[in-house]
Amino acid sequence: MSYIYLFITAAAVTGALGSSPSYNGLGLTPQMGWDNWNTFACDVSEQLLLNTADRISEIGLKDLGYKYVILDDCWSSGRNSNGTLVADKNKFPNGMDHVARHLHNNNFLFGMYSSAGEYTCAGYPGSLGHEQEDAEFFARNGVDYLKYDNCYNKGKFGTPETSYKRYKAMSDALNKTGRPIFYSLCNWGQDLTFYWGSDIANSWRMSGDIYPEFDRPDSRCPCDGDQYDCSYAGFHCSIMNILNKAAPMGQNAGIGGWNDLDNLEVGVGNLTDDEEKAHFSMWAMVKSPLIIGADVNHLKESSYSIYSQASVIAINQDPKGVPATRVWRHYVSQTDKYGKGEIQLWSCPLDNGDQVIALLNGSNKKRPMNASLEDIFFDSYLGSEELSSSWDIYDLWANRIDNTIASNILKNNKVTNSSLYNATELSYKEGLSKNDTRLFGVQIGTVSPGGLLNTTVPAHGVALYRLRRSR
């Protein structure tokens, strides 16, 4: 049975009966949270996780939806005489169940890491051949999320079936525990994961590891352009490199199973503010998980205001669960120091009948850009209702909090501004159905039938608009 048939059938059932195509009932929207790897790598500890969770809560990010706290590699000291994984007592003196209890008591969800190989990527014991006992270890310790990597896999890759079977072993083991555990594959898109990932998992990485560069080429990330089927994914992949690889994959993702473009680099490295906005916007558009990769205890104000932009998060968490499609891509002569220069239009429908678009400027100069309704509603036929209607344009970044408000929140460790959205009190689905203005940006104009949406987009930047049918 083909993936396309499964996806369409599941989508039809979802619309008719309100059920989910998720293989385990989880991942109805892309996961949100924090992972230590991008900033801390192997420098992990109980104190780091619990202090980070406290900070995420204090500055309002938990109530915006960032609820998974994910412990990455380097947490174990090996296996005991029974073959059971053992947490490093120097790093986690009270054990993993203590970490889980603290997180759960504060309304977080706890994530851990292993690899579908003999070892993890950092050389710690992997789970290949130990799937059931390791799944039971995770369940026993209150784990809600497993990131499952691809290192030291003993050559068990090369065909989709080979990789599928290796990752399915852990999927089956997790399900046998009886504990709901979000299953996040990290096999770098190897062996066409987007075709089979949703059968056994809730998300799957589709490229090599991200790096905080907008479009810098790197020989360690050898595949470029639209090379989504990359036999050697590598690492140090730029934002644009990953985004362009993801362009054709949206059709294979949706409710219950998401393409994972890797953790967010907002607040990591030296990206400009426009680059960070573009990065966050495009991950939201394609329905990638929104996993913070930064040190939240040392976030700059501008990065915090990006992570807290509820009108953009609402695109990512839209109940319809449709990833954006890249409508067009044009190379331009205004190239940056790496010889890169392109512009793109992305568009996707939303659950309430709205449409969201991103005009992405990958050139080195601010430039005027436009989009016609025919491009925006790219699947509509001539004379359709979408093309014959007028649409109000809402800028999804226009209501971004300023640095003064962000600074007050970060310094006082408390959200006092009532205009900030709280998804714990009112979910994004509920807020959208109630037309909560904080989720819709600011109206800046209207585009009429046959007209053009015109704007100016900064270099390495994005214009992100929600279109609502004019009344």
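Glycine residues also receive a Cβ, built from the backbone N, Cα and C atoms like all the rest.
Among the features that Swiss-Prot reports, signal peptide is placed at 1-18, with the record citing similarity to another entry.
The disulfide bond annotation in Swiss-Prot covers Cys42-Cys74 (among others) and is backed by similarity to another entry. Note on Cys74 (disulfide bond): other Cβ atoms within 10 Å of its Cβ, all shown chains, come to 20.
Positions annotated as substrate binding site by Swiss-Prot: Asp72, Asp73, Lys147, Arg205, Gln251. DSSP gives Asp72 (substrate binding site) a coil state; it is part of no helix or strand.
Asn82 (N-linked glycosylation site) falls within neither a helix nor a strand when secondary structure is assigned with DSSP, and so counts as coil. Sequence-distant neighbours of Asn82 (N-linked glycosylation site): no residue of the same chain at least 6 apart has a C-beta under 8 Å from its C-beta. According to Swiss-Prot, the feature N-linked glycosylation site maps to Asn82 (among others).
As annotated by Swiss-Prot, disulfide bond applies to Cys121-Cys151 (among others). Secondary structure at Cys151 (disulfide bond), taken from DSSP and collapsed to helix, strand or coil, is coil. The C-beta environment of Cys151 (disulfide bond), restricted to residues of the same chain at least 6 apart in sequence and closer than 8 Å, consists of Ser115, Gly117, Tyr119, Thr120, Cys121, Gly126.
Other Cβ atoms within 10 Å of the Cβ of Asp149 (active site, nucleophile), summed over all protein chains shown, number 25. Summarising the annotation, Swiss-Prot assigns active site, nucleophile to Asp149 and lists similarity to another entry as the type of evidence.
The N-linked glycosylation site annotation in Swiss-Prot covers Asn175 (among others). Asn175 (N-linked glycosylation site) carries a helical DSSP state (H, G or I).
Residue density at Asp209 (active site, proton donor): 20 other Cβ atoms are found within 10 A of its Cβ, drawing on all protein chains shown. Among the features that Swiss-Prot reports, active site, proton donor is placed at Asp209.
For Cys221-Cys237 (among others), the entry in Swiss-Prot reads disulfide bond. Listed in sequence order, Ser207, Gly208, Asp209, Ile210, Tyr211, Asp218, Cys221, Asp262 are the same-chain residues at least 6 apart in sequence whose CB falls under 8 Å from the CB of Cys237 (disulfide bond).
Sequence annotations record features per position, and here Swiss-Prot assigns disulfide bond to Cys223-Cys230 (among others) based on similarity to another entry. Sequence-distant neighbours of Cys230 (disulfide bond) (same chain, six or more apart, CB under 8 Å from its CB) are Gly189, Ser207, Gly208, Pro222, Cys223, Lys245, listed in sequence order.
Look at Swiss-Prot and you will find Asn270 (among others) tagged as N-linked glycosylation site, backed by sequence analysis. There are 7 other Cβ atoms within 10 Å of the Cβ belonging to Asn270 (N-linked glycosylation site).
Counted within 10 Å of its Cβ, the other Cβ atoms near Asn361 (N-linked glycosylation site) come to 27, all protein chains included. DSSP assigns Asn361 (N-linked glycosylation site) to a strand segment in the three-state reduction. For Asn361 (among others), the entry in Swiss-Prot reads N-linked glycosylation site, with the evidence type sequence analysis.
Asn370 (N-linked glycosylation site) carries a strand DSSP state (E or B). Annotated N-linked glycosylation site per Swiss-Prot: Asn370 (among others), in sequence order.
Taken from Swiss-Prot, the feature N-linked glycosylation site covers Asn417 (among others), and the record attributes it to sequence analysis.
Sequence annotations record features per position, and here Swiss-Prot assigns N-linked glycosylation site to Asn422 (among others). According to DSSP, Asn422 (N-linked glycosylation site) is assigned to coil rather than to any helix or strand.
According to Swiss-Prot, the feature N-linked glycosylation site maps to Asn435 (among others), an assignment based on sequence analysis. In the three-state DSSP classification, Asn435 (N-linked glycosylation site) falls within coil. Counting only same-chain residues six or more apart in sequence, none has a Cβ lying under 8 angstroms from the Cβ of Asn435 (N-linked glycosylation site).
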| task | Could you tally the C-beta atoms, other than its own, that fall within 10 angstroms of the C-beta of Asp72 (substrate binding site)? | result | 23
| said: Rounded to a whole angstrom, what is the C-alpha distance between Asn422 (N-linked glycosylation site) and Lys147 (substrate binding site)? | reply: 27
| Roughly how many angstrom lie between the C-alpha atoms of Asp72 (substrate binding site) and Asn361 (N-linked glycosylation site)? | 33
| For Arg205 (substrate binding site), what is the secondary structure state per DSSP, taken as helix, strand or coil? | strand
| task | Any same-chain residues 6+ apart from Arg205 (substrate binding site) with CB under 8 Å of its CB? Would you list them in sequence order, or say none? | result | Leu185, Cys186, Asn187, Trp188, Gly189, Thr193, Asp260, Leu261, Asp262
| request: Quick one: pull the CA-CA distance for Asp149 (active site, nucleophile) versus Gln251 (substrate binding site), whole Å only. | output: 24
| said: At a 10 Å cut-off from the C-beta of Cys42 (disulfide bond), count the other C-beta atoms across all protein chains. | reply: 14
| query | When you measure from the Cβ of Asp73 (substrate binding site), how many other Cβ atoms are you left with inside 10 Å? | reply | 22
